[in-house]
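Engineer: Okay, here's the structure, questions in a sec.
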Amino acid sequence: MAGTKRKAESAATPTKKPKSASSNEKPAKRARKSETATEESSGKSQNAAPKSVFNDEEKSFPRGGASVLTPLEHKQIQIQATQDVLFEQAGLKRTGEDGLNDGASDAGEQDAPKAGKKRKSKKSKKSHEADEVEDEAIRVEGLSLQKLIPGTLVLGQVTEVTPRSIVLSLPNNLIGFVALTAISDQLTARIEKLVEEQESGSADGSDSEDYEDVNPKDMFHVGQYLRACVTSTEENSIGGGAAKKKIELSINPSLVNRGITKSSIIVNSTIQASVVSNEDHGLVMEMGLDEPQLKGFLPKSEVGHNLKHADIQEGSVLMCFVSRLNPDGRIVTLSADYQKAGNVKKLPYITEAPTIDVFVPGTAVDLLVADVTSTTVTGKIMGLIDATADAVHSGAANNAADLNEKYKIGSRVKARIICTFPGADPKKVGVSLLDHVVSLSRRMSGKPKEKKDPLVLLPISSFIEEAKVIRVESRAGLYLDLGVRDVVGFAHISRLADGQVDLPTSESGPFKVDSTHRCRIIGYNPMDGLFQVSLQQKVLDQPFLRLQDIRIGQIAKGKVRRLIVNKKGNTSVLVDLSEGITGVVPEMHMADIRLQHPDRKFREGASVTARVLSVDIEKHSVQLTLKKSLVNSDKEPWTDFASVPVGAEGHGTLVDVKISGAVVKFYGDATAWLPAAEMSETYIEDATRHFQKGQVVNVRVILIDQDANRVLVSCKDPNAVDSDKEALFQSLNVGDIARGTILEKGVDSATVDLGHGVRGVLRVGQLTDGSEKKDRSTMARIRVGGPLEDIVVLDKHNKTRTVTLSNKPSLRKAAQAKKLVTQFSDIKSGATIHGFVRAILPEKVFVEFGGGVVGLLFKSQLPDDIKDTANFGLRQDQSITARVNHGDPSQSRFWLSMIPEADASPTNSRMQETSGEATVNAVDSVVKTTTDLSFGTTTIVQIKSVKSTQMNVLVADNVQGRIHVAEIFNNWEEIQNPKRPLRPFKIDEKVPVKVIGMHDARNNRFLPITHRQGRTPIFEMTLKKDADILSLHSITEGSPYIAFVNNITDRYVWANLSANIRGRIDYFDLTDDLSLLEDVEGNFPIGSALRVRVKVIDPATGRLDLTAASSLSAKALDLKDLQAGLVLPARVTKVLDSHIVVQINENIAGPIHIEQLADDYDKAQASNFKVGEIIRVCVLDTDVPNKKITLSTRPSKVLSSSLPVRDPEFQSISQLKVHQVVRGFVQKVTDKGIFVRLGPRIQAFVKISHLSDSYIKDWKSGFQVDQLVTGKVIAADPKLKNPQLSLKKSVVEGTYVKPLELKDFKVGQIVTAKIRQVQEYGVFLVVDGSKNVSGLCHKSQMADSKVEDVKALYKEGDAVKAKILMVNRKKRIINFGLKYSQIKGEESDEEEDDDTDEKDAIAGADESEISEMDVGDEDADMRSVKSDESNEDDVSLLHKAEDDKDGEDDEDEDTEAPAKSNVVGLSTPGFDWTGTALDFDDYKAAADSSSDEDTTKKKKKHKKATIKEDRTGDLDAHGPQSVADYERLLLGQPNSAELWVRYMVFQRELNEIEKARQIARRALATMNPREEKARLDVWTALLHLENDFSSDDLIEDTFKEACQYNDAREMHERMIKIYISSGKLDKADTLYTTMTKTKVFTPDPLLWLSYATFLLSTLSPPSPSRAHALLPRAVQSVPAEQHRYLTSKFAALEYKSPNGDPERGRTIFEGLVDLYPKRGDLWDMYLSLEMGHGGEEQVRGLFERMSKAAKRKRGEKMFARWRAWEEGLGNGGGKGVDRVLALEQEWREKKVGKGVGRSSIDLG
């Protein structure tokens, strides 16, 4: 009999229905009896209980067993029972507010106190306290660094994936970092395996590159949501600055799923799982729960549209949602499709909660609003737990309106949990009401169909000129409208100004609502959906905020931070480019020449101009160059050779010079090879003789081979000089008068042709002897092509074959009179000479003459009227006439003076020079001036302060000195306290000293007495009797000294022998007592004294090694001196995964293996040690002949033997006992098994058969060297070479079951097995739980129907149920059958034979497994069924009939009743709404029907009753939702391209790419050929599909085919758009190039314009040079009548494109208007572009030119337009408008004179 479809009336159906303890019992009658019994036993009134939906007249059908409850009522009862249990566990009672009062009557509700009034109650004290707690308001808290504690769970979004970590964006503008080892256990195992393979490969000397690479970028994507657990919030100090907290996270499922158990997993709950393996039908997932047998399965169709199933790797982590629980409880079906899980309109939130542990971040919930403020929302989730939404995640930040208007108290809203508060009491969680968080998507901005990522619209570091304040939070900050839709900005109160500001208010003050401010984007948090902005002026002024803002090759200005020296002695300069961004200038790039004293050139804080060489985002490094040749280069920097044509010229740096050539490096990673043959026009035999590393060369590209990644460059000039050019160049001498012609003219220089190709450079400062204005005026008058007479050759450059010229009259006259200085021999003392300024320093001026001769002009020799002016009133290249003061022929130096000779008094000068600075209140009255303090001078000083390494003293009030601790004591006996040698000296004490030198306080170094720098010199002094200065050359090896500790590093102690000499002492040379090394800083503090001997001295490198040991070699330990049990300190020198290496002294070093690191192997991790760390080690054994030592750091060895030892070490086999459980580390993995290390000499062997209870297909992959394993000893005979272990869980835990053998099997027996091998003729099976019993199942016995392809049906590793068909024990052969009829028939017989309950249960479970496996493959086509399940009113439930006496069965059978109710799709005669009939074969259908059968034994089988319901109307309401829907619609609309394309998209979302491709082909074959537009759309969709998922060859074939059936030009344009939209710009470029070579396309000017626009605006990086080269080619291809249009559009493109050259566009337009002077449209276009992109002077010039040839009507319009433009500049009524009116008057008068003007002119 068919079932009756019932719906409970809404008035009679409660929202929650209480049920009895046996709530899972299916028969309704028993439920009513139980309820009646409960009522009678309790004796309490049930007046408050809701009215039952049962009617007395309703009866169950006899023997039918049908329930009178609807599915909705079943679910309500289950939810109610769960909540009852939770409230009973918590000791709470229901309040009755929801109609589910736990009280006995209505009195409980009547006696409740009213809100706001205090009333005495008769309730107990405990109940009263509970009410008070409940009345307290929930405190709204947002996440912050202070509130984040380890164990906090948060929901985060991936913002960046680096090779070392994953960056997660957390709520409330927090950022967390996930290390690679905190992702999943599977990924950690992969990394360890990779490291092991690389180490073994390096040990073997092989360079194999076949290692499996682990790249997090292939496992995670930006925008992915993950649940994370906070593991640490430690403070890290970066760069010596303020400490910053770093949030360290873990996404390991075992941490983030903590608290979730098997019983608490419900549908729609959130589980984070890691991928164990990638199978054909889906992913096997590890959920990290305590139940290891519980596994997760993620079907292929539920992976999500952002991921490709085939690309998901082992170890990846996904946040999943539970979609189904298998009946056997061993498999949880998961879903990672965020489109379904985040569907806001139909949000799948949890409706039941076994425990509150299910409320974890990422879970969607239904929130009951309890309280609403203007910025926050609080509420309850299912009445179990409090939830809060702060100002950011309540949506208040994005909406200026009050939240009270949006959310009403008592209403329900959909939310998603984003964090937990572990310390909160009572428990509460944080939720988000933001749409993008609830929908698990990324917040987008813009119109609905034009939404973009906010960072695309407003990149970080961009400026907002007018940001409007929309909300003010006084203690938090401002929310601003940035002009971007749906996304606002937040400025923290600390970011409002550089200094402190008053608390902002919304009504008044500078930050009131609707006020506008200029701000800058400093960050974006995708979780909050907020921009972080700053209004601080210092932020607005910063050139860069992050490394991404720095372009390679750009000019950057910064300030020198300091100079650093690496271990090799190379010096580098650190340059601060911006706050937090520091660049490094290598020694090679400090200058064009090698600097002897870089510290003099690069002072701290000095401003420098540099060019960016490279930027490494991952390493956070920027490399700069300060070479003037690169910084001042006008050539485009080369970062790669993709856009560099052959023949291009550029500057590069030689980084490696060899005999055959040199490697030239440009910018970024661009390098090229410069052969020796291309270095010069002359023959070069050895390039190292002519070129040096770091040299900048100007090269030209001669070959680019992109495939071979090979680029060749040349230094040769393409226009090599001929004999005439060489002769002319050789004939020119410095000081000659020449003539030439201007070739080129720039802003600061001009190029002059002197004839025959010889070129000279004439700088603007060399034009006149006058002012800078006069030089500029003269440069402006020079015309290209004009002659230059009587110019002076200042210098010749032999390498470039160029000369430097001058047009200064003073130099010309000197040259004509043969008095121009061209070499040092021309210098004569007292002579007056003419030159020009070369450089200006604060204290001197360099004056240059001919031939590069330079003289020095000190400030003291300048006239008094210019001494105090800026730069002394001079500029570069300014003419100078000076007198030679004196010269130094030995060094070719001379000094100049501009003071008249009569005013210069040598005597006075000498007196001033030697007088020195007068002392003030000198301690020693003898010292009058600083000149009295010469080397060796004895004086008296007063101690000002005493430090650990020096004493600061006063010579006078204005003269300071210092005495280094090494310059105080004459011998060791004078030192009273070696640890504090300077303690006896007191402040203000006067001591006699001797002067030995000067002290450079800035660089902290010793200087000779002649180096007196600064206004307040610091003298170096000594208390020793001998005042000689110690030098390295006077030190001999073995000589003793007293040293004083100056610095302590990781390995050495640095000590001073004197104020100017210091050396290093190795830790093991510090003392004979090695125990003192445990605290080096405590036992040898800074300033302490040591008796040392010189160990090694190298004066060339300045290296000095010392030792403080009593003897150089006598006390050195050797292996033979070490005995077992000796505890010594050692230094860690290397840390590996499997062991650490320590060094005891120079002679002894050894490894400590992982089993010797700790007494508990769980804590034995090499990563706990750091290189350089000093630790205690215990000597276990020494092998002197083999020079080996065994060491241990176990606490029981190095501290106390009484400490507990969890994992003892075994020295011999006799210490092991059979059945003893031990732990050890895998030593080796072989083909026969593994070896486990139990001690230094004990290795246990584990056979393959004892590795696991279950069959492992690839057992080697499950074990790795140094893996910790637990096993039981099964053989420990001392005669054995190796003891034997078993790792089987059953053996270790004592549940060992003997494996079955062949003799234990019988014909007809049903067994479970796994497929071992698949062949064309059948499959080989291995029986579970057997001793490797394996046999064949022939293909004829695999299915009831004929099997064509065995490999398509089964694969290796599949679990199956088989029937034994034949057993031959003699031949040891066994055959199986897999036919469903055989297995099913056998099971039916077992039921009829009335076997035991235990066998029935096992058989039922196995059958459930098989049916579940079969059904698991159907998820891809069950779309409509799932959508039907979401609406309970449309669900049809099918119940099996059962006898009345079955209703009285025991409880065990009743508990299985819910599993018998299955939800199926709606079916109608002749049509399947689920769509499953399209793809399922008979075998799967049979398996599905098997899963629907009743698993309870001893019951008769009845036909299922089905409900038929017509739902064809849903197609119009909801559109097609399944394969069948689309097929039906296509029958009526076969020519609809939109429908076909939607069908393709539908399959693509299911990841069925091949089906989508087949649908496209069906469409092209079905559609009418006349529907050209529709067919073109289908071709385009197919190309989109192939572009996303196919290879390049398949894309090319499909594109060619599309061109054959459609318009080729249209297909090319669409293909280009497809490439551009998918980011394949190189392929779009290639396709454009192909089109320009096809004559069919080239006549169209739009092609050339489109290509040029692509090169200028779309291509990355842009290629302006290629775009410029298109115009000549286009003119040759386009018809002549379209040349003007084409050329004008190209010129306009130069103006409009951001990468265009307006000057080039201006040149093109000048040519056009010159060729077509009467074309008004050209003039108008030219004028419009200049008005939009040019300068005011260019626009006025164009207007004037147009007015001269304008006719009457056009002239009037032109002048009117000119006046309007001038007025628009803000000069209305000013000079601009007056001038226009005057010109217009003049123009009209001319026209009147010609008879064409008007009789009266009105200028108004």
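Glycine residues also receive a Cβ, built from the backbone N, Cα and C atoms like all the rest.
Because the structure is a prediction, the values reported are computed rather than measured.
Feature list, courtesy of TrEMBL:
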{"type": "COMPBIAS", "residues": "39-49", "note": "compositional bias 'Polar residues'"}
{"type": "COMPBIAS", "residues": "115-126", "note": "compositional bias 'Basic residues'"}
{"type": "COMPBIAS", "residues": "1387-1398", "note": "compositional bias 'Acidic residues'"}
{"type": "COMPBIAS", "residues": "1406-1420", "note": "compositional bias 'Acidic residues'"}
{"type": "COMPBIAS", "residues": "1444-1456", "note": "compositional bias 'Acidic residues'"}
{"type": "COMPBIAS", "residues": "1506-1517", "note": "compositional bias 'Basic and acidic residues'"}
{"type": "DOMAIN", "residues": "151-252", "note": "domain 'S1 motif'"}
{"type": "DOMAIN", "residues": "268-337", "note": "domain 'S1 motif'"}
{"type": "DOMAIN", "residues": "461-536", "note": "domain 'S1 motif'"}
{"type": "DOMAIN", "residues": "553-627", "note": "domain 'S1 motif'"}
{"type": "DOMAIN", "residues": "647-716", "note": "domain 'S1 motif'"}
{"type": "DOMAIN", "residues": "735-808", "note": "domain 'S1 motif'"}
{"type": "DOMAIN", "residues": "830-899", "note": "domain 'S1 motif'"}
{"type": "DOMAIN", "residues": "936-1012", "note": "domain 'S1 motif'"}
{"type": "DOMAIN", "residues": "1038-1109", "note": "domain 'S1 motif'"}
{"type": "DOMAIN", "residues": "1125-1194", "note": "domain 'S1 motif'"}
{"type": "DOMAIN", "residues": "1219-1288", "note": "domain 'S1 motif'"}
{"type": "DOMAIN", "residues": "1308-1379", "note": "domain 'S1 motif'"}
{"type": "REGION", "residues": "1-67", "note": "region 'Disordered'"}
{"type": "REGION", "residues": "96-135", "note": "region 'Disordered'"}
{"type": "REGION", "residues": "1384-1468", "note": "region 'Disordered'"}
{"type": "REGION", "residues": "1486-1520", "note": "region 'Disordered'"}
Engineer: Which stretch, 151-252, 461-536, 553-627, 830-899, 1308-1379, tops the Cβ pairs under 8 Å count with the domain 'S1 motif' (268-337)?
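Structural biologist: Going through each listed stretch, the top one turns out to be 151-252.
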Engineer: Is it the case that the domain 'S1 motif' (1219-1288) and the domain 'S1 motif' (151-252) have 3 or more CB pairs under 8 Å, with pairs at least 6 apart in sequence?
Structural biologist: yes
Engineer: Under a Cβ pair cut-off of under 8 Å, which of the recorded stretches 151-252, 735-808, 830-899, 1038-1109, 1308-1379 contacts the domain 'S1 motif' (553-627) most often?
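Structural biologist: That would be 151-252.
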Engineer: What mean pLDDT score does the domain 'S1 motif' (1219-1288) have in the model?
Structural biologist: 88
Engineer: Relative to the domain 'S1 motif' (151-252), which of 830-899, 1038-1109, 1125-1194 accounts for the most Cβ pairs at distances under 8 Å?
Structural biologist: 1125-1194
Engineer: Summarise the domain 'S1 motif' (647-716) as counts of helix, strand and coil residues per DSSP.
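Structural biologist: In the domain 'S1 motif' (647-716), the DSSP-based counts are 6 helix, 34 strand, 30 coil.
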Engineer: In the domain 'S1 motif' (553-627), how many residues does DSSP call helix, how many strand, and how many coil?
Structural biologist: 7 helix, 39 strand, 29 coil
